[in-house]
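Chemist: Just passing along the structure, written as structure tokens.
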Amino acid sequence: MNLKEKTRALFAEIFGYPATHTIQAPGRVNLIGEHTDYNDGFVLPCAIDYQTVISCAPRDDRTVRVIAADYDNQLDEFSLDAPIVTHDSQQWSNYVRGVVKHLQQRNNAFGGVDMVISGNVPQGAGLSSSASLEVAVGTVFQQLYHLPLDGAQIALNGQEAENQFVGCNCGIMDQLISALGKKDHALLIDCRTLGAKAVSMPKGVAVVIINSNFKRTLVGSEYNTRREQCETGARFFQQPALRDVSLEAFNAVASELDPVVAKRVRHVLSENARTVEAASALEKGDLQRMGQLMAESHASMRDDFEITVPQIDTLVDIVKATIGDQGGVRMTGGGFGGCVVALIPEDLVPAVQQAVAQQYEAKTGIKETFYVCKPSQGAGQC
């Protein structure tokens, strides 16, 4: 049973009538452009074929009822006429409530909804299960009530909900790629203007995601520290964001900056340049150049931004040794664990999977999880 069939069957069973719509929104992997989004820079993610699926129907009153199929069919019920506040015990509910609360502030022309939610985006792996949920919920209301909101607005609404209601400080990339993703393409996103350019992926190339299964612990506190260091760097250059600082300007005065801040700034500036170049390398089908840029990105995250861990570096080394210059591999996501992403010819996937299976656990004591993904379509009816 796929997610659509599962949620539709559950909807009929629990609510006693059939769902009218089924909506999906995908997770994502970022191919290159790490910690650039909150510096108003560029990112190059693609949506993946793991998603949140919601079967739903409009109600003729002001009640929202939500079933979380992946959490033992837990129910959340709230009214659109009362102030929407956080749920005491069900964290998943807060993503739904936050999206609805912020939608009300954007466009209040909607009524109640019944929905059943299920997803297969791995949680805690840095593949944006939360953004996928936020965009799916926003799309449900937009589709059921024909709200005049485009994908970028649904994405922004999800980001606001996560920042202000859930209380997690995220950039805009995850929601934007979930809303706007395009099949067989990556998206070069300008995080300042929210402009997005579809970049075709070379034929016969697999997007491989390998979860290190190293439990991320530092991610919240260290993420916020990195943001502060970047803001300090932007202030030093008297610019609104590091996006506005050139590598030349930085190199001329790098020695005057706090040495740690200087390393953080150098990562962001060089990563922005790499990301823009990577988009044109992908478009040309130049997997070799893409691989070099991914390697430089990983080294920069390891040495300048200092967000990798030995387990992640080990995974990258194993993959790199197997593929040589046929493609690329790097850590992806916020850091301190999580996943690596590799772009490799499809015929090399078995060799990579075998090498990782033979070496990673032997070296780290942790068993990896291996995903082969396709660049997929963004949110909509399914």
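Just so it is clear, glycine is given a Cβ too, placed from its N, Cα and C backbone atoms.
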Chemist: Just to be sure I read the record right: Glu34, His35, Thr36, Asp37 are listed as binding substrate in Swiss-Prot. Which of Tyr95, Tyr145, Tyr223 is listed for the same site?
Modeler: Tyr223
Chemist: If you take the centroid of the Cβ atoms of Glu34, His35, Thr36, Asp37, Tyr223, the listed substrate site, which other residues of that chain have their Cβ within 8 Å of it?
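Modeler: Checked against the 8 Å cutoff, the neighbours are Gly33, Tyr38, Asn39, Val43, Gly171, Arg226, Val268, Glu271, Gly334.
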Chemist: What does DSSP call His35 (substrate binding site) in the simple three-state scheme?
Modeler: coil
Chemist: What is the one among the recorded positions Arg28, His35 whose Cβ has the most other Cβ atoms less than or equal to 10 Å away?
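Modeler: That would be Arg28, with the most Cβ atoms nearby.
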Chemist: Round to the nearest Å and give the CA-to-CA distance linking Glu162 (Mg(2+) binding site) with Glu34 (substrate binding site).
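Modeler: Glu162 (Mg(2+) binding site) and Glu34 (substrate binding site) have their Cα atoms 19 Å apart.
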Chemist: Given the recorded positions Arg28, His35, Thr36, Asp37, Tyr223, tell me which ones have a C-alpha lying within 10 Å of the C-alpha of Gly126 (ATP binding site).
Modeler: Arg28
Chemist: Other residues with Cβ within 8 Å of the Cβ centroid of Gly124, Ala125, Gly126, Leu127, Ser128, Ser129, Ser130 at the ATP site?
Modeler: Gly27, Val121, Pro122, Gln123, Gly333
